[in-house]
Amino acid sequence: MNYGLAPPRLPAPLLFRFIQGQTSPLRHRIEKFMKDGQQAASACPEHRSCTSRPVHNDHTRPWRMTHPSPLRELTLRGLILGALITVVFTASNVYLGLRIGLTFASSIPAAVISMAVLKALGKGTILENNMVQSQASAAGTLSCVFATFPGLIMTGIWSNFPFWQTAGISLAGGIAGVLFTIPLRRALVTESALPYPEGVAAAEILRAGAEEGNSRSLSALISGSVVAALFTFASNGLRLLADTVTLTTTVGTAVFQASGGLSLALIGAGYLVGLAGGLAMLVGCILAWGLGVPWLTAHMSNPDHLSAATFAQSMWLHKVRFIGAGTIAMASVWTLVELMGPVARGLRSMVLASRDPLTTDRDRDLSPRMLGLLLAVTVVLLGSFFAAFLAPVAHGIWPAVIAAVLFCVVFGFIMAAACGYMAGIVGSSSSPISGIVIIAAVLSALMILGLETLGLMPAELMANNQTLATGFTILLLSAITAIAAISNDNLQDLKTGQLVGASPWKQQVALIAGCVVGAAVIPPVLNVLYQAYGFAGAMPRPGMDPTHALSAPQPALISLIAKGIFTHSLDWSMLSLGIGLGVVLVILDLLLRRRKLSLPPLGVAVGIYLPPSVSVTLAVGAIMGWLLKRHMMRSRAHAASSRHTTSPTPVAEHDASVGTMLASGLIVGESLTGVALAILSGALGKDDALSLAAWFPASVTTVLGFIIFCAICLWFSRTVLKPEPTQ
């Protein structure tokens, strides 16, 4: 997920759900929401009925209110279908996240697929489809643990991903995320004026599918998937098409390099992210490769006489990326500071709302007894897996285990509230979960250092260059990541359920079921991808091509921060420069907001940190999406004026249109093909088993890849602009 993004109806990617970190004029929006809610409450003599049951118009009236007969909701076939969809989208998200640091929200594609399948099976209902998309959405979001677990490989603690530990930590964190959102639901969903853009979008899609069918959207999703799958197979499987175009030049001793990835998934992701996030990443890329790398290559020696391209890559990898890391941390902290007041008000509202009895089925959560039982199971699971990690190599582990569990529960609940509130304001895909994980990394490392100072930490934990302490921090962060990501996404799902008239407790069961299936899928997918491609700087066996390694940017960053804190080896000069740059970007964004403009600091930071092949292509997709939507808006305005109509149908930024589904298909097709190729490579023991590159010169594959890539982009544009067929 997701990976926050009008009411956007899109499966939007989450740049670790974090590439689009702007909040528009956030404070003004928050205060307006709170003020409107207070005025509505004070104007009504029956406060509870007005706040918990908002006035319904044609767009917000729950489906069940207009269809009083009982509808199928939580069914066995729905759970099975949700599990099958979960496997597909979880695997896709894990692959995409490790490759480019992006994931996409799976709820809307899952809803489209569910509507088609259940329609074919007969007697499918909107509530049953809602349960399927909730289950798939939870599992797809749980895949965000890709951002932490590979760090245990990179630090040398694990040589593979043990199933029970990986799945157990993911499951415990996921269930905790669901449980923490239960007491927040009434305060932040039912009695709140927060817009929850993606939740509203999903509800509209479910309604549209129930009313008018969904053949065109499903066709777009399938078309995009097939085209992307074929292109990815030709480029990454057969190696007949290049997957990157790179140009390097020198001015004196300064090296300039421009690179673009021929990735259809990035085009789709850019289309969904939107112009602000895409341009912000492009600005970050220009800062890194137009200023940072040239300056460093001009002023630093090259004792190994590396080629210009290799020297530039080395400067970016070992210097500039640290600047990006510092900028990410600063921008994330600022976003959380901006939201501190609204989060506190939301928690207060939660406490007041929890005292009211719940009576109707549409307003009933899991029982307090079940909530307590599941929370106890979660605590036991976390403690057991933390202990299992430490017990073989350390003694006197229980203070560390208890502290870690308490940290997960207390910090996890705070972050659940923060993420839920942020998701309600800007969408789950725009919430800066990355900042939460970075903050958690620093706090957990400081907690371990503090306990070590008090003599409560095992001596073995701080031995061997603090490797075990780094690994334990990463394991703890994996649980925190699961909690934050799930809570960030689940409130959107609960908003969808509220709008279509779903039973909250049944939806919460579906969300937990999604966590169970997703947790079971994640370990084997991680193992297959690692054995097939390896991670940057951590290959499973000698002789593998490092150029095809998965970049895994987030695990590398988290491992670097944790290890650097423990060993006092962190490059604080570059990080400090990044923090300073983050301050400048925050101030610049505040100034731009006065002119109703925006430059998301998180987006710029990520553009510095990620390879240019990612940032440039994603920006191209964002610009292409903006141009297409602008053209559609003008066409609709012209059509409306010709009919003497003053209110043309707007094109929402994240409209659930053919473009959105086509972009989602590009992501799904490339991701699933990557997973399939990984399975094949793992089975054959070679990462280039199907390669035909030896038959063609590199220049031919580059030109051919670029031409076909541009042709597909043209096809994408023509398909999006194709008018809706008249009925």
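Placement of Cβ uses the backbone N, Cα and C atoms for every residue, glycine included.
Annotation comment: TrEMBL describes 44-64 as region 'Disordered'.
Sequence annotations record features per position, and here TrEMBL assigns compositional bias 'Basic and acidic residues' to 45-61.
Per TrEMBL, the feature transmembrane segment maps to 74-92 (among others).
The transmembrane segment feature in TrEMBL is assigned to 98-118 (among others).
The transmembrane segment annotation in TrEMBL covers 138-157 (among others).
TrEMBL lists 217-234 (among others) with the feature transmembrane segment.
TrEMBL lists 254-273 (among others) with the feature transmembrane segment. Long-range contacts of the transmembrane segment (254-273) within the same chain: residues 5, 10-13, 15, 19-20, 96, 100, 102, 104, 224, 227-228, 231-232, 235, 241-248, 289-290, 293-295, 297-298, 308-309, 311-313, 315, 611-614, 616-625, 654, 659-660, 662-667, 669-671, 705-706, 709, 712-713, 716, each at least 6 residues beyond the stretch ends and with a Cβ under 8 Å from a Cβ of the stretch.
Long-range contacts of the transmembrane segment (280-300) within the same chain: residues 19-22, 251-258, 308, 311-312, 315-316, 319-320, 323-324, 327, 581, 599-610, 612, 615-616, 618-619, each at least 6 residues beyond the stretch ends and with a Cβ under 8 Å from a Cβ of the stretch. Taken from TrEMBL, the feature transmembrane segment covers 280-300 (among others).
Residues or ranges marked as transmembrane segment in TrEMBL: 397-423 (among others).
Within its own chain, the transmembrane segment (435-456) has Cβ neighbours under 8 Å at 16, 18, 147-148, 328-329, 331-333, 335-336, 399-400, 403-404, 407, 411, 415, 418-419, 462, 469, 472-473, 476-477, 480-481, 484, 554, 557-558, 561-562, 565-566, 602, counting only residues six or more beyond its boundaries. Annotated transmembrane segment per TrEMBL: 435-456 (among others), in sequence order.
Look at TrEMBL and you will find 468-488 (among others) tagged as transmembrane segment. Sequence-distant contacts of the transmembrane segment (468-488), counting only residues of its own chain at least 6 positions beyond either end whose CB sits under 8 Å from a CB of the stretch, comprise 1, 17, 138, 141-142, 144-145, 147-149, 151-152, 155, 157-158, 169-170, 172-174, 176-178, 180-181, 184, 382, 385-386, 389-390, 393-394, 400, 404, 407-408, 411-412, 415-417, 419-420, 422-423, 428, 431, 433, 436-437, 440-441, 444-445, 448, 457, 460-462, 511, 515, 555, 558-559, 562-563, 566.
Here TrEMBL flags 509-530 (among others) as transmembrane segment. Listed by sequence, the residues of this chain that lie at least six past the ends of the transmembrane segment (509-530) yet keep a Cβ under 8 A from its Cβ atoms are 74, 78-79, 82-83, 86-87, 90-91, 94-95, 98, 131-132, 134-140, 142-143, 145-146, 149-150, 153, 160-163, 166-168, 170-171, 174-175, 177-178, 366, 374, 486, 490, 493, 540, 550, 675, 678-679, 682.
The transmembrane segment annotation in TrEMBL covers 572-592 (among others).
According to TrEMBL, the feature transmembrane segment maps to 604-628 (among others).
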Task: Proximity of the transmembrane segment (572-592) to the transmembrane segment (397-423), 3+ C-beta pairs under 8 angstroms - done: no
